[in-house]
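Some notes on the structure that comes next.
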């Protein structure tokens, strides 16, 4: 793609995100979401492969439907209450429609079907933007309207997302699809705590974004797209693959690593809110996703493929690892001891 065109699309993404997260009026928030959708479409379809075109079409149709629902929800609220302010969403029907619209934007179950397909059809860098930056504006809208939303509906969506995100990722061999189901599972954790402690939702989102960025950038460096390639990628950059192993375990939420922090805080908060059964259920469901993270981790650092394949071992690259990957993987692995300081900031 032409660098100037690329720059325009990336700038438009930043502009759309900034408009949405800084607006008070529903129409401005909707405008930001639309700019975002239109700016990401050329980045998804730039390879001109039929799968990429299909991914861009699916993404456009889903996001257009979700944006229409956001507009419909805000207009219904304005009709009944006379308020266009985002924080003044009080009408029950509007809250219900908005929850469905944002669930569709984010890829929460049962509106999740588009997300794995779109991620599979996109390049790794675009997949990274779809998994992190594109989820920030809808998350902000959820954060601003959290006091008005229906707790039962959000809890049901969250538990279904954690269950299906883990369950459907079990038999995948394409890494982008595995990361898509991982994202759906993490969204479940964010949605369940939204009503009770919205700041925890944001903290979970930020840490998830850091860990996912580290994984995507590492995979982009080693040019790995499926498990069979990952099996022989250890020869290319052994130290980078070791850090990828730790980052994947952090995404799974294992204790000494950063990913354990949001899960620990969310379980603690749910228990305080007398929601111990929900906390137990979502913790058990996260074991499903732990399985495919462990499988990825196993494939990352295994020294020989488990079957006799004709794969050529890849040449070791002597290129230095980029500073961004070094910083992100370090943060993804070592932030847990700093949790008291993070809690004072939050």
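A Cβ is built for glycine as well, from the same backbone N, Cα and C atoms used for every other residue.
What TrEMBL lists as domain 'NADH:quinone oxidoreductase/Mrp antiporter transmembrane' is 23-288. What TrEMBL records for 290-343 is domain 'NADH dehydrogenase subunit 2 C-terminal'. The feature transmembrane segment is assigned by TrEMBL to 5-21, 56-76, 96-115, 152-171, 178-196, 202-219, 240-261, 281-304, 325-345.
For the domain 'NADH dehydrogenase subunit 2 C-terminal' (290-343), the mean pLDDT of the prediction comes to 80.
Ranked by Cβ pairs under 8 Å to the transmembrane segment (240-261), the stretches 152-171, 202-219, 325-345 are led by 325-345. Each of 96-115, 178-196, 202-219 was scored by its Cβ pairs under 8 Å to the transmembrane segment (325-345), and the highest score goes to 202-219. Remark: the transmembrane segment (96-115) contacts the transmembrane segment (178-196), by the rule of 3 or more CB pairs under 8 A. When Cβ distances are compared across the two stretches, the transmembrane segment (152-171) makes contact with the transmembrane segment (281-304), since 3 or more pairs at least 6 residues apart fall below 8 angstroms.
The stretch from 56-76, 202-219, 281-304 with the most CB pairs below 8 A to the transmembrane segment (178-196) is 281-304. Residues 158-159, 162-163, 165-167, 169-170, 172, 175, 178, 181-182, 185, 188-189, 192, 227, 230-231, 233-234, 241-242, 244-245, 248-249, 251-254, 263, 267, 270 of the same chain, all 6+ positions outside the transmembrane segment (281-304), place their C-beta atoms under 8 angstroms from a C-beta of that stretch.
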